[in-house]
Amino acid sequence: MFSKIIQSYAKGNLIVQICIGIVLGILIGISSKEISEIANLLGILFTSALKAIAPMLVFILILTSICTKDFSQSGAKIKNIIILYIVGTFLASACAVLANFFFPVKLVLDGVQTATNSSPTHMSEIFKDLLFKIVDNPINALSSGNYLGILTWAIAGGIALKHCSNEAKQVFIDINEGVLKIVKFIVKLAPFGIFGLVANSVAQTGAQGLLSYVKLLILLVTTMLFVTFVINALIVFFYTRKNPFPLIFICLRHSAFFAFFTRSSAANIPVNMALCAKLGIDKEFYGISIPLGATINMAGAAVTIAILSLTAANTVGIEISLLQAFLLSIIATFAACGASGVAGGSLLLIPLACSLFNIDYDIAMKVVAIGFIIGVIQDSVETALNSSTDVLFTAICSKNELNYNIK
């Protein structure tokens, strides 16, 4: 009987389960403060599990990605689209930074008043702080959650192992798969953690806490829509000197719609390839560019990482300088490229960006947990933006005469 319940839960729809957890959490938070405190243990366990796996995830994900990917045989078109993917992701992260400056959001979190970390303000202090974090001992970086140090050693290790044997690379691929399975298991437990977090949040802060979540979600979705209809439109127009919106709406209708519900760029690859074929793009080109885009074209993830990191900074009262904002845009761009193929990958990379501002690791992970609460909508919109942009950029880089008469 118990095993059947576990199997039924494991096969269940995660979105539906999270929604149930949110509703039950609100009801418990309103009705009983005592039960909410007990339920909060589930939230603490969930965030603790995320804190434990996140450093290892970032390290092995980036190291494996660098040492196993081979672009040496790429032609001019592939090199162009790689550049376009990275530029598009950077512009998305820059838009997210600007959006947060104009419409800052503060979250209601327990423990924020105890946060004593301050962000360096002078350029010399910023670079000194960055350099010391970068050259941190790799073991210490992993144990303390120093994500800049983790990122540095992962990149260095990936480059150093670039020319190792295929058998050695396969070992890292297998380790990467093992870590991803652990992450998927933890994420599958998200409904229980979210239930506890929501119950405690409602009991402690009332409607004010939930309202801050809604404001954050609106900021995220609005920024992603701005990237879709303004930034991407400008990129297409600059590249083709043609009206970008017919192609954008085709990509939204035939790619974003499916990606919204699958919540996976990888799962949407066959859909995108079929759309590219209908558009009349060379198979040799989109056969490489679409899977590549599902790996490194992460505009939506960059928006999520940048906005939630700055929201964490706003919450603890840290003022961000222009230089730090620029550095955040760069970090969010490359962190987003490492978020592919991971359930909640963009959320788990938020501590990497938060480390730029000396934000306490516990607070960063609380923001990650809130990201899972709003992720029912945020992750769907993020994936829709990521996946539809794969086709959009593939189409304009292909130089083919496109077929716009698609039903």
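Backbone N, Cα and C atoms are what each Cβ position is placed from, and that goes for glycine too.
Taken from Swiss-Prot, the feature transmembrane segment covers 12-32, 42-62, 81-101, 141-161, 179-199, 218-238, 245-267, 288-308, 330-350, and the record attributes it to sequence analysis.
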Going along the chain, which residues at least six beyond the ends of the transmembrane segment (141-161) come within the CB cut-off of under 8 Å?
51, 54-56, 58-67, 130, 133-135, 168-169, 172, 334-335, 351-356, 361
Recorded stretch that, among 12-32, 42-62, 245-267, 288-308, has the most CB pairs under 8 Å to the transmembrane segment (81-101):
288-308
Which residues of the same chain, at least 6 past either end of the transmembrane segment (12-32), have a Cβ under 8 Å from a Cβ in it?
39, 187-188, 190-192, 194-203, 210, 263, 372-373, 375-376
